[in-house]
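Peer 1: Swiss-Prot feature annotations, pasted as is:
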BINDING   His65, Tyr91, Arg92, Ala130, Gly138, Val140, Asp169, Gly170, Ala171, Asn198, Tyr200  pyruvate binding site
BINDING   Tyr91, Arg92, Gly138, Val140, Asp169, Gly170, Ala171, Asn198, His265  thiamine diphosphate binding site
BINDING   Asp169, Asn198, Tyr200  Mg(2+) binding site
MOD_RES   Lys36  N6-acetyllysine
MOD_RES   Ser205  phosphoserine
MOD_RES   Lys217  N6-acetyllysine
MOD_RES   Lys240  N6-acetyllysine
MOD_RES   Ser266  phosphoserine
MOD_RES   Ser268  phosphoserine
MOD_RES   Ser273  phosphoserine
MOD_RES   Tyr274  phosphotyrosine
MOD_RES   Lys286  N6-acetyllysine
MOD_RES   Lys294  N6-acetyllysine
MOD_RES   Lys309  N6-acetyllysine
Amino acid sequence: RNFANDATFDIKKCDVHRLEEGPPTTAVLTREEGLKYYKIMQTVRRMELKADQLYKQKIIRGFCHLYDGQEACCMGLEAGINPTDHVITAYRAHGFTYTRGLPVREILAELTGRRGGCAKGKGGSMHMYAKNFYGGNGIVGAQVPLGVGIALACKYNEKDEICLTLYGDGAANQGQIFEAYNMAALWKLPCIFICENNRYGMGTSVERAAASTDYYKRGDFIPGIMVDGMDVLCVREATKFAAAYCRSGKGPMLMELQTYRYHGHSMSDPGVSYRTREEIQEVRSKSDPIMLLKDRMVNNNLASIEELKEIDVEVRKEIEDAAQFATADPEPPLEELGYHIYSRDPPFEVRGANQWIKYKSVS
C-alpha cells in the first residue's frame, strides 16, 4: 500500500500575551514523525498503566504520580527542541524521563527501587534523571528557580541552548515562581516557563485556587502563549516558536499547556471525589492525545490501522519485558546506602580521621 509521505493539518490558534503574532496555525506531519510520535506516546501511556498495576500489587511503594492523558505535552515539547537543550520538571516526571532517552526498564526498575533503575533504585518516582534532564523534583515549584539557573548557565557559557522549565497549575501560585520570572526577564535568560495546566492541583480545581486562570499571562512583562496541550502538533509548533524566540536573545517566554490527567493526583488519590467520572470519560472520548494523532494519521493515509496495531503489540511486549526486569532485578544492598553522595571521594579529614571513607562515590 502506498502511504503519503506527509500531510498538513490545521491546529488550534494559540492565544497570545504581549506578542504581535503567535505560532503557526498549520503543521506538517511526515509519516516517519507520526509513527515515531505514536510509538513514544503509546509507550508512555502503557508504562504508566503498568506502574498503576505494580503499585496496586504493592511492588511500587511510596509516592507515584502518573502522566497518562498528558502524553502530547512531553512528546510535543521534545519534538520542538534539540537533545542538547535542557528540561526540568516537577514530580510527574516519568513521561519526560522516557522522551529524554531512558529505556522503559530503567524507569520501571527505578519505580520498584531496584539496582537497574536510572537512579540505582534510590530516587523512585519523583527523582529520575537523564542526559540534560534534571529530573523530577519533590517540592512543589522548587524546580522553577533551578530551571532559571540552568538557563543562566547556558547564557553564561555562551551555549546556544535553552531550558524548558515545567510546573503545574498548582505550583503556579508559588511565590518563588514570580521571583524566577523576574530574574529570567531581567537577565534575558533562554528559559521557557511551561505551565502544564491539567485543571487540578491535587484536589483543587484551578477556579478554586487562582484569581486569574490565564496562566500564560502570569509573567506580566514576559510574553506568553496558551496552547492546546492535548494536540502533539500544537505543542510541537508552539515549542519551536518559543525556542526560536529564546535562542534569539530576547529573553524568556511563558507557555501554558492545557491538558488533563486521567489518574488522580498521585496513587493515593482515586481522583473522583473532586471531579466526576463523566468529566474524565468525556475528555477520554473527545480529546485523547493518542486517539487524535491516530485518527489524523489513518484519515490522511499516513498509516494503516493494522500498522498502528502492530506498534501497540510491540509496545506492550516492551512494557511486559521491562516490568519483568523491574520485579526480578535485585534491590541495592544496605551497605550502598551512603554511596553516590559525593561526585568524588571526599579527601578531607576531621580531627585526623576520614569520616567519609564509607561513602564511596561512583559505584
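Cβ atoms are placed via backbone N, Cα and C, with glycine included.
Set these features in their place in the structure for me.
Peer 2: In the three-state DSSP assignment, the secondary structure recorded for Gly138 (pyruvate binding site) is coil.
Contacts of His265 (thiamine diphosphate binding site) defined by a Cβ separation under 8 A and a same-chain sequence distance of 6+ are given as His65, Tyr200, Gly201, Met202, Gly203, Gly271, in order along the sequence. His265 (thiamine diphosphate binding site) falls within neither a helix nor a strand when secondary structure is assigned with DSSP, and so counts as coil.
Counting every protein chain shown, the Cβ of Tyr200 (pyruvate binding site) has 22 other Cβ atoms within 10 Å. Under the DSSP three-state reduction, Tyr200 (pyruvate binding site) is assigned to strand.
Sequence-distant neighbours of Lys36 (N6-acetyllysine) (same chain, 6+ residues apart, CB-CB distance under 8 A): none.
Taking all protein chains in view, 14 other C-beta atoms sit within 10 angstroms of the C-beta of Ser205 (phosphoserine).
Under DSSP, Lys217 (N6-acetyllysine) is assigned to a helix (H, G or I) in the three-state scheme.
Listed in sequence order, the residues of the same chain lying 6 or more apart from Lys240 (N6-acetyllysine) and placing their CB within less than 8 Å of its CB are Pro23, Gly80.
Counting every protein chain shown, the number of other Cβ atoms lying within 10 Å of the Cβ of Ser268 (phosphoserine) is 9.
Around the Cβ of Ser273 (phosphoserine), 8 further Cβ atoms fall within 10 Å across all displayed protein chains. DSSP assigns Ser273 (phosphoserine) to coil in the three-state reduction, placing it in neither a helix nor a strand.
Neighbour count (other Cβ atoms within 10 Å of the Cβ, all protein chains): 14 for Tyr274 (phosphotyrosine).
Residues near Lys286 (N6-acetyllysine) in space but far in sequence (CB under 8 A, at least 6 apart, same chain): none are found.
Following the DSSP three-state reduction, the secondary structure of Lys294 (N6-acetyllysine) is helix. All protein chains included, Lys294 (N6-acetyllysine) registers 20 other Cβ atoms within 10 Å of its own Cβ.
Under the three-state DSSP scheme, Lys309 (N6-acetyllysine) falls in the helix class.
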Peer 1: For each of His65, Arg92, Lys217, Lys309, count the other CB atoms within 10 A of its CB; which of these recorded positions has the top count?
Peer 2: Arg92
Peer 1: Hey, of Tyr91, Ser205, Lys217, Ser273, Tyr274, which of those recorded positions are within 10 Å of Gly138 (pyruvate binding site), Cα to Cα?
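Peer 2: Checking each Cα against Gly138 (pyruvate binding site), the hits are Tyr91.
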Peer 1: Does Asn198 (Mg(2+) binding site) have same-chain partners at least 6 apart in sequence with Cβ under 8 Å from its own Cβ, and which are they?
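Peer 2: Expected: Gly69, Gln70, Gly168, Asp169, Thr259, Tyr260, Arg261.
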Peer 1: Tally every other Cβ atom lying within 10 Å of the Cβ atom of Gly138 (pyruvate binding site).
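Peer 2: The answer is 16 other Cβ atoms.
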Peer 1: Taking just the CA atoms, what is the gap between Tyr91 (thiamine diphosphate binding site) and Ser273 (phosphoserine) in Å?
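Peer 2: It is 22 Å, counting Cα to Cα.
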